[in-house]
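Database features, via TrEMBL:
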- 1-29: signal peptide (SIGNAL)
- Glu122: active site, proton donor (ACT_SITE)
- Asp262: active site (ACT_SITE)
- Glu355: active site, proton donor (ACT_SITE)
- Glu376: active site (ACT_SITE)
- Thr466: Ca(2+) binding site (BINDING)
- 579-624: region 'Disordered' (REGION)
- 586-609: compositional bias 'Polar residues' (COMPBIAS)
Amino acid sequence: MESNYRWLLISILISLTFSSLVLHHGVLAESVKPEEAKQLRDEVRGMFYHAFDGYMNNAFPLDELRPLSCQGEDTLGGYALTLIDSLDTLALLGDRERFTSSVEWIGKNLQFNINKTVSVFETTIRVLGGLLSAHLIASDYATGMRIPSYDNELLVLAEDLTRRMLPAFDTPTGIPFGSVNLMYGVDKHESKITSTAGGGTLSLEFGVLSRLTNDPVFEQVAKNAVRGLWARRSNLDLVGAHINVFTGEWTQKDAGIGTSIDSFYEYLLKAYILFGDEEYLYIFQEAYRSAMQYLHKDPWYVEVNMDSAAIVWPVFNSLQAFWPGLQVLAGDVDPAIRTHTAFFSVWKRYGFTPEGFNLATLSVQYGQKSYPLRPELIESTYWLYKATKDPRYLDAGRDFVASLQYGAKCPCGYCHITDVELHKQEDHMESFFLAETVKYLWLLFDLAVDSDNLVDNGPYKYIFSTEGHLLPLTPQISLAREHCSYLGGYCLSNFTKPEQEVLEEESNHNERSNIYPYHESFPVTGLIKGLCPGLTHAQKYGLSYVQPEKTDREDVNQPKPETTSSSIVLISDTVEKKQQVDEEGFSSQSEPIMTISGGSSNDQNSQELTLLESETDDRRLYSS
């Protein structure tokens with residue numbers, strides 16, 4: 001009770017502090033008009049080329065740019081990381097010449113048969129995602145950016161790279177090691193501890209690769225990694241931050257939506273949207289519901305113990321800022337608006353968002369003063385503008401541009417900010433600045449002008465990967481399993497083979513690869529008489545998950561905390577509002593929108609997952 005009262009006081013202090021902050025800034029600037037939005041869009045385009053040209057002239061083919069000293073450095077694998085990460089941004093900007101020359105150079109010069117130990121997570125989202133997105137653009141007339149001479153070189157590279165990462169999944173839990181050597185596999189001394197995001201943020205890229213190559217192994221291992229994590233959730237349906245990939249024991253039980261966990265939630269919903277796989281939706285429903293109940297202290301989010309829900313870190317960290325954008329995709333716009341307002345107020349206070357802002361002391365968290373050009377808050381701003389068309393998000397975009405131009409711009413690109421209070425620059429520029437940060441900024445202002453771009457006015461709806469790469473909802477990707485029985489319209493080559501032939505091929509494939517010997521994988525093919533395999537009832541509703549081994553944890557059987565009501569002051573744009581919310585952050589406006597609807601009492605198997613419609617169609621956007 002004492003801790004709840006303390007949190008109430010902290011919430012009030014936070015509200016009062018940021019209300020005074022708004023007053024301190026005085027009269028708000030005039031809202032962005034269409035002509036200014038066009039100018040800002042062109043300015044952001046110039047920002048991209050200032051950084052991209054700086055990389056190509058001073059760092060290429062090294063991985064990343066040092067924008068202060070105008071030099072390059074290898075940071076991931078030594079394979080032109082920034083160029084790969086920038087490919088679909090070049091296409092989005094309509095730069096056919098540079099997109100073509102970049103794709104051709106990569107196809108001729110890049111190889112992964114190198115003695116480098118790399119992060120499975122970073123390599124997947126940056127390199128594999130970049131290759132797949134660029135392949136899908138370069139090989140398709142409908143995108144308007146097809147390269148006539150292109151012959152699937154990037155897809156071949158993507159498959160080769162991913163096969164080199166497969167040994168990382170050879171664990172008893174199915175959760176991969178954090179790192180793998182591209183030539184020799186997993187080192188015997190490799191750490192068995194990995195993050196939840198590291199193990200659970202592979203399903204989009206690996207799934208797309210399976211659909212494009214007609215090889216199910218990639219999608220299988222990524223999905224089994226998600227199952228391995230979710231099977232070891234707590235009684236509160238929360239997951240921790242770090243886990244032992246061999247024992248399945250959580251080594252860090254702090255549950256949150258930020259560091260080490262963030263994109264695990266993101267890929268659950270996006271995998272359902274992209275692939276139509278209801279098992280991902282089911283897991284997202286449960287995970288989202290628990291996050292809103294135990295982590296949400298409206299409008300903020302905290303980190304809690306995954307077993308007891310006791311608050312362990314009342315800190316806003318910058319990676320949490322993706323959450324409002326994810327809520328827009330889920331249709332839960334109202335809490336997204338309130339949370340974005342709170343997060344953006346931190347940006348307004350410092351000119352950037354620090355890696356950590358302590359909600360108890362109302363100051364930058366010690367040791368977390370930097371801003372490494374992260375895109376998450378800009379990403380959520382784009383999605384909220386897309387859903388609401390509220391001009392305040394264009395105003396926020398203008399503030400982002402001003403901060404980056406006057407605080408982070410340096411001779412050859414844009415610099416990390418090592419201290420958001422002193423605006424001290426560091427000689428480093430992450431590749432995601434070109435893959436995400438300027439991409440979402442450009443899309444934000446282009447949406448306000450005419451939306452004449454591949455994402456908002458192209459031939460497909462697109463899902464953004466966690467690195468901002470464009471993954472289209474094409475029939476080959478999104479309908480391969482759900483609709484392949486419909487007149488064979490979208491069946492891949494082996495979808496119509498006789499059952500015995502398919503089973504023999506699967507058997508031979510398993511004997512060859514045998515990288516996943518520890519528990520049963522979900523079959524992606526295995527068709528009978530040309531019909532697609534549907535999810536079983538157990539798979540739909542989570543009954544097929546691997547059960548974690550019992551441990552001697554003292555808090556395993558601890559009852560769920562009781563919910564009581566208290567009054568918390570919320571932040572809005574111009575006024576403070578009070579509403580009744582329970583101590584876990586629930587209110588009538590912040591309830592999870594995902595529900596399970598039951599069938600008749602005579603047929604329990606008729607239950608199905610339902611995504612409730614929101615009040616307006618534009619709240620259920622994927623892209624367009």
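Note: Cβ is positioned from N, Cα and C throughout, glycine not excepted.
This view paints the features noted in TrEMBL onto the structure.
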| residue | record | Cβ neighbours (10 Å) |
| --- | --- | --- |
| Glu122 | active site, proton donor | 19 |
| Asp262 | active site | 24 |
| Glu355 | active site, proton donor | 22 |
| Glu376 | active site | 24 |
| Thr466 | Ca(2+) binding site | 25 |
**Request:** Given the recorded positions Glu122, Asp262, Glu376, Thr466, state which is nearest to Glu355 (active site, proton donor) when distance is taken between Cα atoms.
**Result:** Glu376
**Distance, Glu376 (active site) to Thr466 (Ca(2+) binding site) (CA atoms, angstrom)** = 9
**Request:** Determine, to the nearest whole angstrom, how far the Cα atom of Glu376 (active site) is from the Cα atom of Glu122 (active site, proton donor).
**Result:** 16
**Item:** Rounded inter-Cα distance in Å - Asp262 (active site), Glu122 (active site, proton donor)
**Value:** 14
